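Working notes, structure below.
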Amino acid sequence: MKKHLLSAADLSRDDAELVLATAEELRSLADRPIKKLPALRGRTVVNLFFEDSTRTRISFEAAAKRLSADVINFSAKGSSLSKGESLKDTALTLEAMGADAVVVRHWASGAPHLLAHAGWARSSVVNAGDGTHEHPTQALLDAFTMTRHLGSLDGRRVAIVGDVLHSRVARSNALLLTTLGAEVTLVAPPTLLPYGVEGWGVETSYDLDAVLPKADVLMMLRVQRERMNAAFFPSVREYSRRYGVDARRMATLQDHTIVMHPGPMIRGMEISADVADSERSVIVEQVTNGVAVRMAVLYLLLGGSQPAIGGDDA
Amino acid sequence: MTDYLIKGASVLGGEPRDVLLREGLIADGSSSGAEVVDADGLVMLPGLVDLHTHLREPGREDAETVETGTRAAAMGGFTAVHAMANTEPVADTAGVVEQVWRLGTEAGYCDVQPVGAVTVGLAGERLAELGAMADSAARVRVFSDDGKCVSDPVLMRRALEYVKAFDGVVAQHAQEPRLTEDAQMNEGELSGRLGLRGWPAVAEESIIARDCLLAAHVGSRLHVCHVSTAGSVEIVRWAKSKGWPVTAEVCPHHLLLTDELAASYDPIFKVNPPLRSATDVEALRAGLADGTIDVVATDHAPHPHEDKDCEWQAAAFGMLGLETALSIVQTTMVDAGLLDWAGVAERMSTTPARIGRLAGQGRPLEVGEPANVVLYDPSVSRVVDASELASLSRNTPYAGMELPGRVVATFLRGRPTVLDGKLC
Ligand SMILES: [Zn+2]
């Protein structure tokens, strides 16, 4: 493993499989009465959030605490309009606190990269979602969830449907799933596929109905209603009709196909309630798996001196 | 005033000869009493003229002042710069352009020719008093809303027509605003991967095509700032083939650097228009070589450290250029065999002076002409050290790069502003 996890592209196949295997070990912990391991005792993990995301922050916080790390939550104000708190000053502060790992969520693409490489801090940096760039731990937990249901991802077909253009989840998944041998198809109206997507080494399609019967995994992405104001699509109704998944479309899936969503969902827009709540849906499980995967990432990045599971915390 | 005898200079890259600078002019006759400058191995060019410089004063004296910016210009071999209008306050009145012009005269490192804003406050809504700026002591002839595009086609048409009254030219920053909202880098495969909003070539090319048609329609001079794409070169080539009064500039950074550098997320490489692809770079070099692109202009854009030491999206656009321009042109054009030194003189001195209607600049290196000259050593190389630059700012994209060439001396009307590679 590299020192930082900034992009899913930082992970070789061996790295990714090690994270998934470690997460599998750690997940067994979730079923035990005592959920804490001493692996990162004395280490400090900072959750640095320049953008609100309670779900992601809680997931990382739980992961770090279960490994006995000290956790500091740090929310910084600011946006692309008001620069606000400087990333550099914040990094220097964290460095002074002796942070071993910084989990960073930021509205600007590349902010974690800058934090890792600008020479401001020595800690490991974990990208917890940056702008419209990447969200590698989300991709890892998605891959983890897929392997638990489908086994090896080699040759498996994953359809990622929705606002790919603005989605960091789609970018990280396209990279990671390809590394793991899966065949990814990005499905969206042409306006919501990134310029130059032909070079990504994945399939693309504008036709959801053609993709559904072949998919082993159907991953729905959130689509913000506001996108229609910028002419990405004409109306919510038309979007749902062409790219939303409802019971009728779900019926065309293979029996083993699972339905995923990174959340937060907009029921009725990209996914209907009966699909979200169906037996195929692994959306709730994704959340549980998120903690195990983030434990594995923190453990491996910080090179925990003891085995990940070396006995319960006494 | 000291006379200088420049011994053995290769004038425009030709056979070595001696050149006497006396009383501000290139002279002949006796050189007795003149200070001798050994120019063995040095190329002599007419003092360079920049059509596109941001000196930041008034308003952003934390980034650059007329004094520091013109010191940087002298170090780069320039004897005249056109100071862009996007200051605070905007150079949209006779008062502001005269202030900038006066500051330049007082600093004395090179001629400072203010550019006037096309529209009041660069707001793109109504014409600034172009005639008043033309009639002022600053004698403005180049008008530009640079940083912003005059995107309203009617306003652009009127500006082009209006400046005919005083032989002016409108220098357009070609950027269709709606196509580039929050744009961060060249739109290509990489922008999609990096999650940075794309700045598509079509946003530049569509404005250039429109403006060329307008310039032809009303018979006015159009100058296109910082052409950055292969498509733009094609459009300008087409307009010129029709005989239309269109000129264009390219920046040194667009001749050398590509959008791949954005993958570092280091905002030192953030510039507007953005760094483009290797194909674009190649087309720009070819366009400059064949004269489709008339001039090299620096778009020298100083920014204080904190405006670059941050997230890419939050960082300012722009990079320094004055002190490295000639080196970049040497490496991309001269050493590549695309341009000789006479060609460099034309594109960095003669033609920009003609476009800007600067009478005493960009003149032939002949007896009786103003002694605006630069001595350049193309045989040495240097590693760029940002901390050694004369500019107040440090935002050079070339820091740590080894570049060929060094400006040894710059003379402004016979007086050295740089000697032995040092400011006088
Ligand atoms: Zn510009």
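Sequential numbering from 1, following the chain as shown.
Even glycines carry a Cβ here, placed using N, Cα and C.
The structure displayed is predicted, hence computed values, not measured ones.
Its Cβ taken as reference, B:D299 (active site) is surrounded by 30 other Cβ atoms within 10 Å in the chains shown. Annotation comment: TrEMBL describes B:D299 as active site.
According to TrEMBL, the feature Zn(2+) 1 binding site maps to B:H52, B:H54, B:D146, B:D299.
All protein chains included, B:L55 (substrate binding site) registers 31 other Cβ atoms within 10 Å of its own Cβ. Sequence annotations record features per position, and here TrEMBL assigns substrate binding site to B:H54, B:L55, B:R56, B:N86, B:N272, B:H303, B:F317, B:G318.
Residues or ranges marked as Zn(2+) 2 binding site in TrEMBL: B:D146, B:H173, B:H226. The DSSP secondary structure for B:H173 (Zn(2+) 2 binding site) is coil. A 10 Å cutoff on Cβ-Cβ distances gives B:H173 (Zn(2+) 2 binding site) a total of 25 other Cβ atoms nearby, all chains included.
Annotation comment: TrEMBL describes B:42-230 as domain 'Dihydroorotase catalytic'.
In this structure, the C-alpha atom of B:H52 (Zn(2+) 1 binding site) lies 5 angstrom from that of B:D299 (active site). Screening the binding-site residues B:D146, B:H173, B:F317 for a C-beta under 6 A from any atom of ligand 1 leaves B:D146, B:H173. Nearest to B:H303 (substrate binding site) in space, judged by Cα atoms and limited to the binding-site residues B:H54, B:D146, B:H173, B:H226, is B:H54. Checking each of the recorded positions (B:H54, B:L55, B:D146, B:D299, B:F317, B:G318) against B:H173 (Zn(2+) 2 binding site), the C-alpha distance stays within 10 Å for B:D146. When the binding-site residues B:L55, B:R56, B:N86, B:F317 are screened for a Cα within 10 A of the Cα of B:D146 (Zn(2+) 1 binding site), the ones that qualify are B:N86. Every protein chain shown contributes to the tally, and the Cβ of B:H54 (Zn(2+) 1 binding site) ends up with 27 other Cβ atoms within 10 Å.
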